[in-house]
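Features as listed in TrEMBL:
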- G39, L40, T41, G42, S43, G44, K45, T46, G85, N142, H143, Q144, D145: GTP binding site (BINDING)
- T46, T63: Mg(2+) binding site (BINDING)
Amino acid sequence: MSDLRITEAFLYMDYLCFRALCCKGPPPARPEYDLVCIGLTGSGKTSLLSKLCSESPENVVSTTGFSIKAVPFQNAILNVKELGGADNIRKYWSRYYQGSQGVIFVLDSASSEDDLESARNELHSALQHPQLCTLPFLILANHQDKPAARSVQEIKKYFELEPLARGKRWILQPCSLDDMDALKDSFSQLINLLEEKDHDAIRM
């Protein structure tokens, strides 16, 4: 090969390297989704979201009204509106549903029978609400690290999820603060459902 051809080859390789390093532009923006997070007081909503945001557990205070957190993931950002779960606040939940693209429902799997019944009623109400009934649901059975925790199968049966949520997009996952990998996997599954819903909207 002549010196000219060799020089041209090196120049072309330099050009390719330059394009790869300098001209690829900024990375594509991650999609953002607006979610509402509901559940009774003590279910662990605030602690789970704070842990996902890498916040110090010492600063966690139960939400009395509502709070908004931007929870970052590799392929999406979830803007989560968490609503307080006290008796006197739950009746106002529906005022904050508008604009939601998905729902996170957190329940205490080790709670008393009365609280579990209340959680069941609230979940049924949310699944049937006109502004939520077509949205993807992530149902987190929290506090699985406690001895009294009920299994996912027990919760699925008690909450009658199979008949109630037929035809809807929902995920029921066990979780606890001690197992962040499982928690992040649950949210990754929710993001997949949100992306599917986006694709369906584009096709329509």
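Cβ coordinates are placed from backbone N, Cα and C, and glycine is handled just like the others.
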Pairwise C-alpha maximum, in angstrom, for the residues (G39, L40, T41, G42, S43, G44, K45, T46, G85, N142, H143, Q144, D145) that bind GTP according to the record:
22
Using a 10 Å radius around each Cβ and all protein chains in view, which of these binding-site residues has the most neighbours: K45, H143?
K45
Rounded inter-Cα distance in Å - D145 (GTP binding site), T46 (Mg(2+) binding site):
17
